[in-house]
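Under the heading ATP binding site, Swiss-Prot lists Gly10, Ala11, Gly12, Lys13, Gly14, Thr15, Arg127, Ser136, Tyr137, Glu199, citing sequence analysis as support. Residues or ranges marked as region 'NMP' in Swiss-Prot (evidence: sequence analysis): 30-59. Among the features that Swiss-Prot reports, AMP binding site is placed at Thr31, Arg36, Gln57, Leu58, Val59, Gly85, Phe86, Pro87, Arg88, Gln92, Arg160, Arg171. Summarising the annotation, Swiss-Prot assigns region 'LID' to 126-163 and lists sequence analysis as the type of evidence. Here Swiss-Prot flags Cys130, Cys133, Cys150, Cys153 as Zn(2+) binding site.
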Amino acid sequence: MRVILLGPPGAGKGTQAKLISEKFSIPHISTGDIFRANIKEKTPLGIEAKRYIDNGQLVPDEVTIGIVKDRLTKDDCDNGFLLDGFPRTVAQAEALDEFLKGINKELDVALLIKVPEEFILERMTGRRVCTSCGASYHIRFNPPKIEGKCDICDNELIQRKDDTEATVKERLEVYSKQTYPLINYYKDNGIISEVNGTESIDEVFGNISNILGRDK
């Protein structure tokens, strides 16, 4: 089972990726994680990627693709994988498809978790985190007993900079520009499947399991 996970920030991809990985016994490959691993291990590609990151530049496709290719050749990917955070562009998708075709491991499913923008805004801008113990809350879905105070240690709750409305809208705009062409690419290839990400975690995972069960 070879799967790509698509969806906007705040769609719950991380939660679903963990559940998919456990149920279908395939590694969850996050591009952020493999970048950090390569940089930490000082691999040639990691050193090159760090040079761009340290200079505040985007890591070029050839470096990103090289790091992903290297990860996909590991033994734990023999029976499949779940890619999260890659590809981000059609050019990356084409390079990935060419590589996978060459090793006889073409993609089975591009899984899109769909969530309306207003739902994401409410979900992300309502998040609060404790400045001391790191406990997470949501002003609507999981509020603290006392407004602005952590239930566990009574310290102040704050909104992270990443969760302000302006930042969330900016991230959603970047996602739209990057990902809509990618969604159309996988639609044209006939492998995209969509799930409604506004339902509960269990309901979303149930729908995903049905889709992946069909494609096994």
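In case you wondered, yes, glycine gets a Cβ from its N, Cα and C as well.
DSSP assignment over the region 'NMP' (30-59) gives 22 helix, 1 strand, 7 coil.
Annotation note: Arg160 (AMP binding site) sits in a coil segment as assigned by DSSP.
The sparsest Cβ neighbourhood within 10 Å, among the listed binding-site residues (Gly10, Gly12, Gly14), is found at Gly14. For the binding-site residues listed here (Cys130, Cys150, Cys153), the lowest count of other CB atoms within 10 A around the CB belongs to Cys153. Fewest Cβ neighbours within 10 Å among the binding-site residues Val59, Cys133: that distinction goes to Cys133. Arg127 (ATP binding site): 19 other CB atoms within 10 A of its CB, across all protein chains.
Note: Gln57 (AMP binding site) has no non-local neighbours, i.e. no same-chain residues 6+ apart with C-beta under 8 A of its own C-beta.
Long-range Cβ contacts of Phe86 (AMP binding site) within its own chain (separation 6+, distance under 8 Å): Ile4, Thr31, Thr64, Val68, Gln92, Leu96. DSSP gives Cys133 (Zn(2+) binding site) a coil state; it is part of no helix or strand. In sequence order, Gln178, Thr179, Leu182 are the residues of the chain that are 6 or more apart from Arg88 (AMP binding site) and have a CB within less than 8 Å of its CB. The Cβ of Thr31 (AMP binding site) has 19 other Cβ atoms within 10 Å, all protein chains considered.
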